[in-house]
Amino acid sequence: MTNIRKTHPLMKIINDSFIDLPAPSNISSWWNFGSLLGVCLILQILTGLFLAMHYTSDTMTAFSSVTHICRDVNYGWLIRYMHANGASMFFICLFLHVGRGMYYGSYMFMETWNIGVILLFATMATAFMGYVLPWGQMSFWGATVITNLLSAIPYIGTDLVEWIWGGFSVDKATLTRFFAFHFILPFIIAALAGVHLLFLHETGSNNPSGLSSDSDKIPFHPYYTIKDILGVLILIMILTSLVLFSPDLLGDPDNYIPANPLNTPPHIKPEWYFLFAYAILRSIPNKLGGVLALVMSILILAFLPLLHTAKQRSMMFRPISQCLFWILVADLLTLTWIGGQPVEHPFIIIGQLASILYFTIILVLMPLASIVENNLLKW
């Protein structure tokens, strides 16, 4: 008799995705982040659900409701900080997952990659709206600054901003709709992640060598289930350490001050995971130019398959490209640092140079390095 997991319509899908899935025998721990992102998403949806049971999306009571969750709800402080720091872990995994894709040429799976880029945008939108909900100073002013960027769009900009606000400023209508969107988007992200996996399983996983692994496949379970569980344990260990020892390490103290439209904080800045994009935005002394650079800083990922000039898929055997890749990583860390600094000398010029370098490496230097490496192969 055939095993039920191979015949039952529902269990067959799970079996073909997580149990009998043929996987390359040589994928490293850099391939763990897909499953870790799944764990992060489930964690965020669950903690978010319990937070939504006690949260009120009204400007008068939002801040108080978050205080109530932390003080009066059973383990409310734990749920709240797991959710806030879970977002940070989510983005750490996202950045490492995307970096892995860039390094090993995973972007050659075009459908999988493009859905991944859409997922990144959706996650960033969700995180931004979530940051507005506690209705602290940085929530309010962050929402004001970022939504205001849309006014840079010619002709329709101002109308668009007022339409999103639901009035002439960030107010009750804005908070209510942001809560609604923040609730629904993670489920859209989950659906997109399913499509992401669907397209990935059409081709099979890439591997560090960038070569076809069709001749050497192993079942996903038990090999990679066990390997993924180790990753999950490390993730949970880091997250619980963060939540229990320094829950406010990555937050902004200004967000413990209730939102006040009459008082602007000295330094308006987003959460740490947006600082690199924020630094690029601020580097251009023109509103529309800055917004375009901000969008392109992420959208540029969609153009990577077109910029791939190498004869090899992975960077494993391409030392010049490797060098440029790690310079790009250092550049992104520099941009993250600059994004959190005030707009004054020398930070302005450092940010501008780092922004130029970011686009130059991806658009010019990496394709050129690949061509050089192709020619070196002929020697």
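Cβ atoms here come from the backbone N, Cα and C positions, even for glycine.
What you are looking at is a predicted structure, and each value in this text was computed from that prediction instead of being measured.
According to Swiss-Prot, the features are:
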- HIS83, HIS182: heme b b562 binding site (BINDING)
- HIS97, HIS196: heme b b566 binding site (BINDING)
- HIS201: ubiquinone binding site (BINDING)
- 33-53: transmembrane segment (TRANSMEM)
- 77-98: transmembrane segment (TRANSMEM)
- 113-133: transmembrane segment (TRANSMEM)
- 178-198: transmembrane segment (TRANSMEM)
- 226-246: transmembrane segment (TRANSMEM)
- 288-308: transmembrane segment (TRANSMEM)
- 320-340: transmembrane segment (TRANSMEM)
- 347-367: transmembrane segment (TRANSMEM)
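Put simply, of 113-133, 178-198, 288-308, 347-367, the stretch with the most CB pairs closer than 8 A to the transmembrane segment (320-340) is 347-367.
Across the structure, the residue listed as 'ubiquinone binding site' and HIS97 (heme b b566 binding site) place their CA atoms 17 angstrom apart.
Ranking the binding-site residues HIS83, HIS97, HIS182, HIS196, HIS201 by how many other Cβ atoms lie within 10 angstroms of each Cβ puts HIS201 at the bottom. Sequence-distant neighbours of the transmembrane segment (33-53) (same chain, 6+ residues past either end, Cβ-Cβ under 8 Å): 69, 79-80, 82-83, 86-87, 89-90, 93-94, 96-97, 100, 182-183, 186-187, 189-190, 193, 228, 231-232, 235. Straight-line distance linking the Cα atoms of HIS97 (heme b b566 binding site) and HIS83 (heme b b562 binding site), rounded to a whole number, equals 20 Å. Against the transmembrane segment (178-198), the recorded stretches 77-98, 113-133, 226-246, 288-308 differ in Cβ pairs under 8 Å, and the greatest number is found for 113-133. Against the transmembrane segment (288-308), stretch 113-133 shows more Cβ pairs under 8 Å than any other of 77-98, 113-133, 226-246. Taking only the Cα positions, the spacing between HIS182 (heme b b562 binding site) and HIS196 (heme b b566 binding site) is 21 angstrom. With respect to their backbone Cα atoms, HIS196 (heme b b566 binding site) and HIS83 (heme b b562 binding site) stand 24 Å from each other.
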